[in-house]
Amino acid sequence: MPIFKNKRPSSIRMTPITAEDAVMSNAGGDMSRDLNGLLGIKDYDMMPEVNGNKIYSNLVSEPSTPDSSDSGNVVMEDGTVKVKQKLGLLSGTALIVGTMIGSGIFISPKGVIAGTGSVALSLIVWVACGMISLFGALAYAELGTLITKSGAEYAYLLEAGKSLPKTVAPVPAFLFSWVSVFVLKPSLFAVISLSFGIYVIEPFYPNCEAPDGLVKIVSVLCICMVAAVNCHSVALATRVQNFFTVAKLLAVLVIVVGGFYMMAKGHTEHIREGFDDTSRNPSTIALAFYDGLWAYDGWNNLNYATEELKNPYVNLPRAIMLGIPLVTVCYLLTNLSYLAVMSKETLLASNAVAATWGESVLGSAAVLIPIFVALSTFGAANGSCFTGGRLVYAAAREGHLPEVFSYIHIRKATPLPSLLLTTLIAILMMIPGDIFSLIDFFSFAAWLFYGGTMASVIVLRYSRPNAPRPYRVPTIIPIVVFIISVYLVVAPIIQEPRIEFLYASLFILSGLIFYIPFVGFNVNLRFLEPITTFLQCVLEVAPSKYEPPE
């Protein structure tokens with residue numbers, strides 16, 4: 001809608017600036033007012049300049065076309081901005097593979113070995129984690145082709161929640177967005193960036209531990225660089241993701257080839273230990289699954305960007321079926337290569353398993369391993385930022401976060417405000433704590449909602465039985481993943497209660513403090529309106545809307 005009420009402007013309406021308004025702000029002009037008028041002056045002769053350019057008062061009679069250089073990124077419809085579908089099958093598969101193969105396979109093997117106690121059971125856990133991830137992703141493929149909105153679990157829980165009484169229908173989706181926006185997504189982004197910092201700094205401190213402060217400075221720089229790429233354009237973020245996915249596959253290939261070379265020379269004594277010292281504690285085995293599944297995390301990331309995927313009805317299931325089996329094979333072969341060189345004790349003593357492997361096998365060329373791993377973690381951080389921003393965007397569009405976070409840049413077609421929020425929280429979360437406590441906290445909270453999403457598959461089959469489902473997963477699959485989710489949440493709490501689990505539960509429930517007034521009673525904070533208008537002008541963003549794929 002136009003900013004001005006009448007053809008002759010006399011006041012500013014504290015309502016969202018539309019895409020036409022924002023585009024016209026870049027048309028040029030010589031007005032001399034500044035942005036201060038947006039922050040409290042109700043009556044104003046003309047709209048002030050925005051970033052040095054004029055916003056026309058009569059938008060109907062003025063052209064409203066994006067710059068020709070960026071017209072492929074933005075679609076102007078009814079005064080809103082809508083991103084085009086930029087992800088194809090290759091880019092979608094790269095997003096899955098690139099976010100799954102991050103730092104987990106280079107750090108988490110020690111967690112899996114510690115939890116299982118034996119070589120054979122650790123390998124079984126790695127394969128089982130791959131199967132669980134594939135089953136979960138296939139269930140998400142059904143949901144993603146039924147509900148083609150971005151946001152993954154958030155969108156599916158929101159739709160399934162409509163079967164509940166109206167007053168509590170949005171509660172599951174709101175609590176998921178609450179935990180994910182402020183804990184899950186930024187903690188994953190932070191953990192991956194910390195891994196990047198560790199592997200970049202480690203070569204400079206070969207005989208001692210790198211300073212923690214320096215590692216975190218490099219990690220923050222990683223977060224900022226990734227955010228800049230994602231804020232610039234979807235196309236650039238996609239190209240970066242594709243490049244770093246190839247780089248990490250090369251890293252895995254080097255490790256696999258080197259490990260099998262050592263096995264061919266007869267170094268199989270550690271692998272032959274089999275089930276020796278196998279743990280029989282359900283709690284520690286569940287924690288081993290946590291570490292393994294954290295290495296597989298990312299299997300659902302393409303569902304966060306469904307609206308930007310070309311032909312999602314076909315490409316979403318295909319990308320899942322291509323990407324996850326590839327990652328499972330890579331992980332199994334990589335762990336065999338580790339165990340061809342390192343004993344369980346050596347592996348557990350290492351803070352950077354891949355680097356320790358490189359010193360034993362590659363000699364002076366071992367410097368390549370930290371480089372490859374740094375490239376891998378940077379690519380995973382890029383994918384994490386990409387999807388995390390889409391979740392914030394989807395939740396804000398439904399009114400579960402401030403409206404400005406649902407806005408899109410008028411030329412770049414990126415959800416700029418939501419990406420900036422995700423980046424800020426990730427930096428704040430990265431500063432305290434250590435990497436493994438973050439992994440445990442993330443896994444516990446995440447599997448609560450993975451289980452809820454599996455239940456949504458069954459609920460939607462009853463609540464929307466006649467809705468078209470281009471892909472339909474066998475019913476047993478979401479049931480199996482739901483049971484596994486319950487086990488992964490409950491078993492560690494019963495066997496070994498930890499304070500982190502209590503913190504996670506309290507944090508999830510604390511979301512109701514914000515849900516009741518702002519969603520349940522629809523309380524409107526008027527002071528946000530001028531702030532929203534100001535941020536629109538500064539960031540050059542405009543409202544967006546969802547349109548189903550053709």
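Yeah, the Cβs are placed from backbone N, Cα and C, and that goes for glycine too.
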Query - Of the residue ranges 87-107, 423-443, the one that TrEMBL records as transmembrane segment - result: 87-107
Query - Within-chain partners of the transmembrane segment (475-495) [C-beta distance under 8 Å, separation at least 6 from its ends] - result: 132, 135-136, 138-139, 281-283, 286-287, 289-290, 293, 443-444, 447-448, 450-451, 454-455, 457-458, 461, 501
Report summary line: Lying 6 or more residues past either end of the transmembrane segment (501-521) yet within Cβ distance under 8 Å of it, the residues of that chain are 167, 170-171, 174-175, 178-179, 183, 399-400, 441, 444-445, 448, 492-493
Query raised in the report: Out of 119-141, 175-201, 243-264, 361-381, 445-463, which stretch has the largest tally of CB pairs under 8 angstroms to the transmembrane segment (87-107)?
Result: 361-381
Report summary line: Relative to the transmembrane segment (175-201), the stretch among 119-141, 243-264, 361-381 with the most Cβ pairs under 8 Å is 361-381
Report task. Report the listed stretch (119-141, 243-264, 319-341) having the maximum count of Cβ pairs within less than 8 Å of the transmembrane segment (361-381). Result -> 243-264
Report summary line: Outside the transmembrane segment (243-264), at least 6 residues beyond either end, the same-chain residues with a Cβ under 8 Å of its Cβ set are 94, 97-98, 101-102, 105, 271, 330, 333-334, 336-338, 340-341, 354, 357, 361-362, 368-369, 372-373, 375-376, 378-380, 382
